């Protein structure tokens, strides 16, 4: 992956050119692809309904057609002339289209102003232009959006109905819904990305990849729709998945890129490292999602197959754009993508890899694993409980709002012809081979009469049409017109009744029951029968991917079971929101059933998407466990380092799904709500409660793997291929201290003070610092010299208590408050001082000395640059701080120019954490760093080291007064003794 990343960076302009060449034609194709999409595609291979449909198309052109119908619905004030003119207008418009003819309807009465009139049109089902003709008819009669057409005087409404009209209306609605959803999605995504990156350039990269993914995928959908059936809902699926996954995948890579920059890598190296880790994770995740979605093919229906195909294409393009365009973009805009904008960097907290909040949270959960696991499981089971009441159904008509013109047209046609006239139950009778002749014809007529009589006994049957024979007389068709809508659940019961009762009176003849109701019922039955197979397939895929990633049987099984809980909770939310109508005030429709296409789609989608977070989290935990061997520490580290990324990615996913849930038709809304709930539950309750709680309970069993299985499993470790970072002398905090959390206030001040030091000492040099961690050791304080209040504002540089106690007392009297130190962080316990706190104190000394020299004309002049060392903060930031020796020299300088009691006290504490001999060696070379400044023409050269020995041998600060307490005298005596010990050591060193 690193080699690929290097090549992509090297030939990035070729990459940009390739994607531009793919994008330009895709824009045009994406704008025109809706014309080839269909609202059908619910046929089930091998079903009775499909067999009847195919026979009707082949042998009964009139019955097998996919008709369109024009409807004239008069208003209350319409006259005979109005309805006659409206019918004439519709017939004239229909005659303008070649290949479209009017089918006779003998049961319909002549046009009357008190009832609608239906003109049935005949259009061959094999003609791919059905939706196109419907679209043009809608335009010709004046249909706009969800409003019907009307005559010139407005007294008669005009409609187009039928399968083609449903497809055309659904395509128009889908296009409008996508635009409406993107009006919500894009601003929300931009806000989340700006909050995460604090940079408009970095936020623009995921958004650009999301738009590119959707446009290119839409172009591919158009190409496929020319050769195979593609559902109108594929566009919503593509837009939903394309934006969400492209943004999420690029977010993972950008977050890792910034993390690698903070670890000390150069921009080019950081790009390669990010691609070798998060880039590889994106590829594996995308392959997992694709593999999960292929489970939908097991259902094998055109509608679901096309929706799965669209989702797979969106995932593949999102994966491809993230893996190829991201490194090319980062190579071009590396500095802009890495830099946080001052205007957008509203948080004062420095960017950090480890989250203090999540560390505390996970620690709390792991201390109470049973309570946490039981509580989280109870929440998920409670959310999943309503799923037991789920009722599945399927209806393209109910995808439109009750006020939509297509619903008005169907209602008007039902009023004119009866509710079941538009979708009769069709019974195909195939006769056995027998001699031809008058006797055979009579036998067949008698048989059909018996069948027709039996059909009339069926529930909800209003009438049965006479039989129509095929051209070869080998079969005949009878139609049962129902008294209920074809999509009503009672119509399905009629289909079941006929399939169980009619064959019993057909003798040797074969009977197949079809029609629109039977087709939908066969589809729902197929989905229900194959869903367990889909569940097993996607669960196996998830198990194998987790097993490959974390090499643990228990964690893989646990991951699958927890994802199942998330899916169950999503199913429960569907029942609560749509069936029970708990969210109807938010604009969600109150439905009698959940669309049967939703559960398998949500199952496959959720399993695939959950693996993003599961693999990302568990690989982090495993990485830490291999380093430390401690499960609890590994879990705390893994959650705290990945929580920000997972939370940000989940927020983007949820925002996208919610956008489509509020803007889409019911089927799309159901998918959006279910996926949003599943992702929200998975990223919070599962990842942040169940995962740490169960891992704390299982302890060492988390990592159990049979030896034979470990030998055959390939190793997939994202971090292993990375070369070590060449830190070039950078001081990094040891592993035994990284577990501690640096105070956020110290982190902020260190970053701010280091920037100020760079401004005041631009010529500072970087050297090695053997005293980088001197002062961080555990040290028992002298209990007799502790300050009375741990809240003292005056602080010192290290762990010695002498300066702390004396300075705390003197600060009250002389108003001195040393602003940056560590006493408050120590809280007078035996825990070590964090290096960040120590470095904050060193920077305070340096800034104090440099600013003191700039305010007045100093007596001593600096002869050499300030010596600093390069350190790395826990956030990954690298900056320069004064070395331990330089800090001591700067404090000696302050003693010489200010002669303050605070400086003597701080000096005593600094000596306490090293030793007088080390301090003497450092201060003995003061003359190489400072020289005496002449105070006039007659001034003589003064040697600073000599003057400093004199001051330290007998400290007489200029700010002392006579108000001494016994504790003050004891503390000051301790300061004098330590200063004297350094003076003596300096004299010994000089010899």
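FYI, residue positions are counted from 1 along the chain as it appears here.
The backbone N, Cα and C atoms fix where each Cβ goes, glycine too.
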- Query: According to TrEMBL, which stretch among 184-202, 336-354, 393-411 corresponds to the feature transmembrane segment?
  - Reply: 184-202
- Message: Can you identify, from 564-582, 583-601, 678-696, the stretch that TrEMBL calls transmembrane segment?
- Response: 564-582
- Query: Which listed stretch (207-224, 230-252, 533-557, 564-582) has the most C-beta pairs under 8 A with the transmembrane segment (370-392)?
  - Reply: 564-582
- Query: Between the transmembrane segment (642-665) and the transmembrane segment (533-557), are there three or more C-beta pairs closer than 8 Å, counting only pairs 6 or more apart along the chain?
  - Reply: no
- Quick one: DSSP breakdown of the domain 'SSD' (211-332) into helix, strand and coil? 107 helix, 1 strand, 14 coil
- Task: Please average pLDDT over the domain 'SSD' (211-332) for the predicted structure.
- Result: 86
